[in-house]
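Everything below concerns the one structure shown next.
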Ligand code: WCC
Ligand code: FE2
């Protein structure tokens with residue numbers, strides 16, 4: 001397998017070489033041009049919240065400025081900067097979810113958007129006390145959508161999904177006063193508290209950050225996942241392929257990159273339109289090849305098996321192949337650099353969201369009311385662009401791996417049902433999973449998520465940690481760009497069981513699953529919260545008691561800061577492979593990596609060395625097992 005990583009690397013090298021020849025400017029060039037990052041920013045001690053500054057706190061104690069003009073210390077400034085990352089991350093996930101809720105609100109029997117998973121809709125309606133008997137399916141859908149939309153701004157009460165957590169966890173939240181109320185309220189409130197002259201107590205700022213982050217994990221993200229499943233179908237196990245080799249030489253290649261499945265789903269349908277396929281053939285191509293990147297890639301591979309071109313760091317490399325007719329994006333994780341890069345090739349770079357207009361990109365607004373029509377128009381542009389491709393300047397690496405994806409909680413439970421002893425056990429529960437963990441066949445579970453970050457070698461931290469864990473009988477669930485790293489490295493195949501310890505290997509064989517399970521996009525980390533909570537409830541325990549961890553080995557985005565914070569606040573230790581910009585305050589570092597455990601039963605670990613990180617994860621898992629006496 002390590003050979004595979006090297007092959008992946010050589011692909012990257014080859015494309016970078018080509019890029020250089022073509023005059024491309026990539027993230028690696030820009031990183032080199034950036035030289036040493038700003039030391040104050042890196043430590044989180046630059047404050048530009050008001051216009052008296054920017055104020056920079058001297059990193060050396062007793063020398064230079066120790067306070068900003070208002071008197072804010074490094075502890076306050078670091079905490080506020082961290083909090084504002086949480087607020088932005090929560091806003092991004094949740095605003096995505098709000099759009100999905102609006103789409104569910106407009107769904108109809110004869111419209112572009114329909115309810116695909118009526119069972120899931122009914123379950124959610126019941127959970128939310130919405131009447132279902134003798135009611136039209138779409139009436140119910142609309143009321144569910146409206147209820148979800150109210151979660152963003154309701155004036156009273158706390159978020160509905162909090163009740164999905166084990167009651168012990170709900171108690172922790174209540175005691176700590178971090179139960180999130182309405183989602184928008186938490187984001188707004190945190191922005192208010194971190195305004196000049198408001199909160200300065202770092203402990204309090206972090207508590208408020210946890211409350212806001214929880215409104216992401218158990219609010220926005222969970223709404224995003226649930227409603228997407230209702231609209232587009234709950235993912236089921238399916239086969240796909242991953243890596244740049246999925247780009248096809250003789251096809252119209254359309255790269256879909258971004259996040260919102262109401263857009264990408266419609267693109268999948270539109271790409272199957274016989275008229276457009278015919279047009280592609282008339283233009284000399286063999287057909288239309290849709291490939292995905294980042295979370296959009298995850299959404300459409302989970303539900304349709306659409307192949308994954310790559311993860312975050314590969315967005316430029318895909319265009320450098322010279323074989324992408326159109327790179328189409330909506331929101332989040334899109335390099336503005338793609339505009340200039342596309343200009344070097346025939347690639348059309350098309351932005352579609354009013355929330356993310358991009359300088360230099362063509363703009364075709366995606367309007368949900370005319371979803372299919374808009375998508376067909378966009379695909380037509382791509383098809384007509386095929387003739388402009390310079391065939392001489394195409395380089396598609398052939399590397400691609402097989403992967404089995406689509407492991408929603410429902411699908412995992414279905415797989416587990418295969419091993420249920422029907423005389424003694426119940427179907428449709430996570431009990432078999434809890435049982436194998438308790439028996440020690442599996443030592444525990446790890447959720448490995450997040451981005452790529454040029455501070456470390458792409459995908460290497462993800463893969464090193466995953467391989468080390470599965471070797472030691474820790475099952476891995478993955479989402480986001482970490483999941484795509486696993487897919488590319490072949491860790492999502494059935495054959496990957498050969499890399500596992502004896503226990504996990506047996507589980508993979510008997511349950512028929514790969515050792516690393518693709519659970520979806522970044523908002524789908526809510527699925528991970530869901531399954532962990534189900535296991536905890538099965539054993540009448542809190543999440544904090546379970547031998548499970550979260551890890552974001554190569555994270556970079558504000559969304560990841562929100563995620564890490566809600567995972568910790570949910571009672572699950574979180575290992576960060578990139579140290580966040582907080583080291584300017586020893587006090588705040590100690591809070592995140594130590595003291596917070598007293599309050600919520602979990603903490604952050606910062607560990608940049610992946611082998612060491614895996615070792616610490618295993619150690620922590622064993623510690624939890626020991627406490628449980630298992
Ligand atoms: Ni989620 Fe990170 Fe990928 Fe973007 S798509 S790059 S936040 S992991
Ligand atoms: Fe994402």
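Counting begins at 1 with the first residue displayed.
Each Cβ is built from the backbone N, Cα and C atoms, and glycine gets one as well.
Because the structure is a prediction, the values reported are computed rather than measured.
If you look up TrEMBL, you'll see 38, 46 marked as [4Fe-4S] cluster 1 binding site. Residues near residue 38 ([4Fe-4S] cluster 1 binding site) in space but far in sequence (CB under 8 A, at least 6 apart, same chain), listed by position: 46.
The feature [4Fe-4S] cluster 2 binding site is assigned by TrEMBL to 47, 50, 55, 70. Long-range Cβ neighbours of residue 47 ([4Fe-4S] cluster 2 binding site) (same chain, at least 6 residues apart, Cβ-Cβ under 8 Å): 53, 54, 55, 56, 57, 68, 72, 77, 80, 81.
The [Ni-4Fe-4S] cluster binding site annotation in TrEMBL covers 259, 295, 333, 451, 481, 522. In sequence order, 257, 258, 259, 294, 295, 312, 451, 557 are the residues near residue 333 ([Ni-4Fe-4S] cluster binding site), counting only same-chain partners six or more apart with C-beta under 8 A.
Residue 46 ([4Fe-4S] cluster 1 binding site) counts 21 other C-beta atoms within 10 Å of its own C-beta, drawing on all protein chains shown. Close contacts with ligand 2, defined as a Cβ under 6 Å from any of its atoms, occur at 295, 522 among the binding-site residues 38, 55, 70, 295, 481, 522. Compute the center of the Cβ atoms of 47, 50, 55, 70, which mark the site for [4Fe-4S] cluster 2; besides them, the chain residues with Cβ within 8 Å of that center are 48, 49, 52, 53, 54, 68, 69, 72, 77, 196. Taken in sequence order, the binding-site residues 46, 333, 522 that lie near ligand 1, meaning a CB under 6 Å from one of its atoms, are 333, 522. The binding-site residues examined here are 55, 295, 451; by Cβ neighbour count within 10 Å, the least packed of them is 55.
Comparing residue 50 ([4Fe-4S] cluster 2 binding site) with residue 522 ([Ni-4Fe-4S] cluster binding site), their Cα atoms are 32 Å apart once rounded.
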